[in-house]
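Notes follow once the structure below has been shown.
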Amino acid sequence: MSDPVSLLQELIRCPSVTPEDAGAQAVLKARLKKLGFEITDLPYGEGEDRILNFFARYGTGHPHFCFAGHTDVVPAGKSSWDNDPFSADIIDDVIYGRGACDMKGGIAAFVSAVEDFLSKKNNFTGSLSFLITGDEEGPGINGTVKVLEWMQAHNHIPDFCLVGEPTSAQTLGDVIKIGRRGSLNAVIEVEGTQGHVAYPHLADNPIHKLMTILTSLTQPVLDNGNEWFQPSSVQVTSIDVGNVVTNLIPATATARVNIRFNNLHTGTALKGWIATQCHRVAEHCKIDIAVSGEAFLTEPGKEVRALCEAIYSVNEVKPRLDTGGGTSDARFISQYCAVAEFGLVGQTMHKVNEAVSIHDLKQLSTIYLNVIDALFE
Ligand SMILES: [Zn+2]
């Protein structure tokens with residue numbers, strides 16, 4: 001049996017805080033090369049923004065099953081750790097270090113599973129691949145997005161992609177993510193005419209108009225959710241006037257609004273809806289909208305079913321299929337193929353003393369191996 005523990009320790013000992021790589025990807029590439037993977041280095045960006053990424057594929061046929069992960073980590077942070085965050089110390093069967101669960105542990109578990117799979121599999125006709133980026137925790141510009149464009153151009157888009165983010169909540173296997181909500185931020189600025197509060201007929205109060213707009217955005221029910229998503233939600237996050245006196249009608253009033261939306265909406269449609277609501281009340285208001293991600297969903301198919309069965313067979317946990325939480329690179333991958341996210345328990349991610357138990361790490365590797373076995377049966 002291949003052992004994910006020593007590989008994880010080796011990865012943690014490379015302090016690959018975005019945008020640094022610190023040798024982490026070389027460790028992986030050496031392991032994959034030994035197995036016969038064909039590796040393409042895909043660095044993007046110039047100077048300080050330069051990011052290392054690579055794509056590795058074994059086999060040329062179908063099904064093509066891809067594992068996506070990031071080798072970069074967030075900084076150790078200002079609070080002090082009990083041990084050096086990049087020493088990968090093992091204490092009472094727990095491995096400590098930055099990236100242990102997010103997500104060098106997931107990567108080590110999958111590499112180890114692939115080593116076991118290929119050591120016993122003859123006449124393999126499918127494809128296994130790795131999409132590895134060093135830009136997930138950073139701006140996400142020179143990472144997965146560009147690697148996917150390259151994969152598309154070179155005929156490497158897989159049939160299914162598993163992202164090894166730490167999706168488990170309390171126990172290994174309790175949550176698989178099969179989609180995420182979209183997110184949109186709007187800044188709405190209403191212009192009025194400044195004046196004295198005692199002479200309102202000589203002024204035009206922008207706050208009153210802004211209140212009407214915000215009511216028209218927050219009162220309607222956008223949807224009631226569906227089987228996989230909770231209802232979309234409009235939240236006003238700030239209303240700013242900056243008025244420090246009591247006798248002035250201000251010239252402008254600004255509000256910020258966030259919408260977390262499910263797959264019944266698109267960012268573009270919501271943008272149009274917001275503009276219509278605003279212009280109905282204030283013809284000349286300024287609207288600035290940024291869509292940071294569209295909603296996506298992978299309807300559970302044979303891969304997600306295989307994942308559920310693999311989890312249950314290893315630790316008797318029945319996973320919940322979930323679409324909550326923040327964003328990950330899965331939002332980019334979903335534009336090319338079916339994608340799901342599954343990995344370790346995320347409770348210590350980004351925290352001081354980030355850690356993973358050897359027990360969980362080995363179980364995850366066995367779950368991944370069972371999934372690979374099932375998909376290439
Ligand atoms: Zn992560």
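In case you wondered, yes, glycine gets a Cβ from its N, Cα and C as well.
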Candidate from ASP102, ASP322, ASP373 that TrEMBL assigns to the same Zn(2+) 2 site as GLU137, HIS350: ASP102
Of HIS62, HIS64, HIS70, HIS201, residue recorded by TrEMBL at the Zn(2+) 1 site of ASP102, GLU165: HIS70
Where the C-beta lies under 6 angstroms from ligand 1, the matching recorded positions among ASP72, ASP102, GLU165, HIS350: ASP102, GLU165
Non-site residues, in chain order, whose CB comes within 8 A of the mean position of the CB atoms of ASP102, GLU137, HIS350 at Zn(2+) 2: VAL73, VAL74, GLY99, MET103, MET349
Integer average pLDDT (0 to 100) for the domain 'Peptidase M20 dimerisation' (178-280): 96
HIS70 (Zn(2+) 1 binding site) and GLU136 (active site, proton acceptor), distance between Cα atoms, whole Å: 6
Helix, strand and coil counts within the domain 'Peptidase M20 dimerisation' (178-280) (DSSP): 30 helix, 36 strand, 37 coil
